[in-house]
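Peer 1: So Swiss-Prot says this about it:
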REGION    231-270  region '4 X 10 AA approximate repeats'
TRANSMEM  15-35  transmembrane segment
TRANSMEM  38-58  transmembrane segment
TRANSMEM  59-79  transmembrane segment
TRANSMEM  181-201  transmembrane segment
Amino acid sequence: MNFMVLPPEVNSARIYAGAGPAPMLAAAVAWDGLAAELGMAAASFSLLISGLTAGPGSAWQGPAAAAMAAAAAPYLSWLNAATARAEGAAAGAKAAAAVYEAARAATAHPALVAANRNQLLSLVLSNLFGQNLPAIAATEASYEQLWAQDVAAMVGYHGGASTVASQLTPWQQLLSVLPPVVTAAPAGAVGVPAALAIPALGVENIGVGNFLGIGNIGNNNVGSGNTGDYNFGIGNIGNANLGNGNIGNANLGSGNAGFFNFGNGNDGNTNFGSGNAGFLNIGSGNEGSGNLGFGNAGDDNTGWGNSGDTNTGGFNSGDLNTGIGSPVTQGVANSGFGNTGTGHSGFFNSGNSGSGFQNLGNGSSGFGNASDTSSGFQNAGTALTRASSTWADSPRAWPIRAPSRLQVWRTRATTARECSIRVIISRVSSTGAPPQKKVGNSG
């Protein structure tokens, strides 16, 4: 697995997980102790051989004594070489711990990476009109910087660790200085696998290649109490887990159960976040599959507190709802806020296929309608289009106002003109000619 293509969530979590440099420093102390013991044994053995063979009055005389001294010389050389190897292993462990501490200090903290991702999620969920696009771009740029920072730290860590490893000499080469009678395996050791020659730097480990830990069962584990292969951390059960207390395979974080989970306390497969149960959830506290957000229960929900399938928004109960729903009732295909029923758009509607505000029937549009297919305001019947049919449909309910003086004057003038026209018409009918217009002054 190439760490250069891994996101900062993986690299940061890996470098910060586990027991840290403490086990490596403890191994360095142990190697120092072993080197001291081997050095004391070599000095004591050399002094003893010298006392037996040196001078004419020594205890060992003759050809047999010379042969014994020659046979003891390789063991003295082996003790001196083993002392040097143990001192080198102690120095290598200290150098490895220093390289790790430098890499950890140069790596972005997992909390900083998680804060960046949470900020991006918040900006995306609230980006209804595109107002958060500059902030989203800035957050992504910061994420790229975190990625580059982690890659640079891991490159330095890889180079330092490789240098330390190249300076170590395999212990198998040291056995070549011993006589054949010692290097030959006893009869009871026939069939022992050669892989057991791989050193395991730890205590009470069972397996091959377990480093820097205690009580690992399996192969190539780093940490303590791991069961399986290639685990890094403490108390993992499975394979390729990075963190603490994971059960399954390839989990990154702590307390995960399943496969390919990233975060903490996830139960299932391929969850990103914390406390998710199911598959392909992103966020926290989701239960189901394909949820994006917080506290969703169901499948393919986006938002928070949704219960059902394919809801977008918050507190929707049912399926295919968009907006903010009622947390205590169930609806289907609603858009808006607080709707209960099916196919509503608007606010606080109950029934089916309504649009507007606080309609109680089916197919109503407007405000406060309590019947079906009504449009307007506060209708109580069916298929009404006026406002407030409870009083507007009754003629007796309309208010009666007294006529004004202008209305009275207009009425009287109209009546006078009508009377004059009637007199003229009656005269024409009786004489056959219109009345003559008088000329001159009228008295």
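Cβ atoms are placed via backbone N, Cα and C, with glycine included.
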Peer 1: Near the transmembrane segment (38-58), which residues from the same chain, at least 6 beyond its ends, have a CB less than 8 A from one of its CBs?
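Peer 2: Those are 65-66, 69, 72-73, 75-76, 79-80, 82-83, 86, in sequence order.
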Peer 1: Over the region '4 X 10 AA approximate repeats' (231-270), work out the mean pLDDT and round it to an integer.
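Peer 2: The predicted confidence over the region '4 X 10 AA approximate repeats' (231-270), as a mean pLDDT, is 85.
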Peer 1: Could you break down the residues of the region '4 X 10 AA approximate repeats' (231-270) into DSSP helix, strand and coil, giving a count for each?
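Peer 2: The region '4 X 10 AA approximate repeats' (231-270) comes out at 0 helix, 24 strand, 16 coil.
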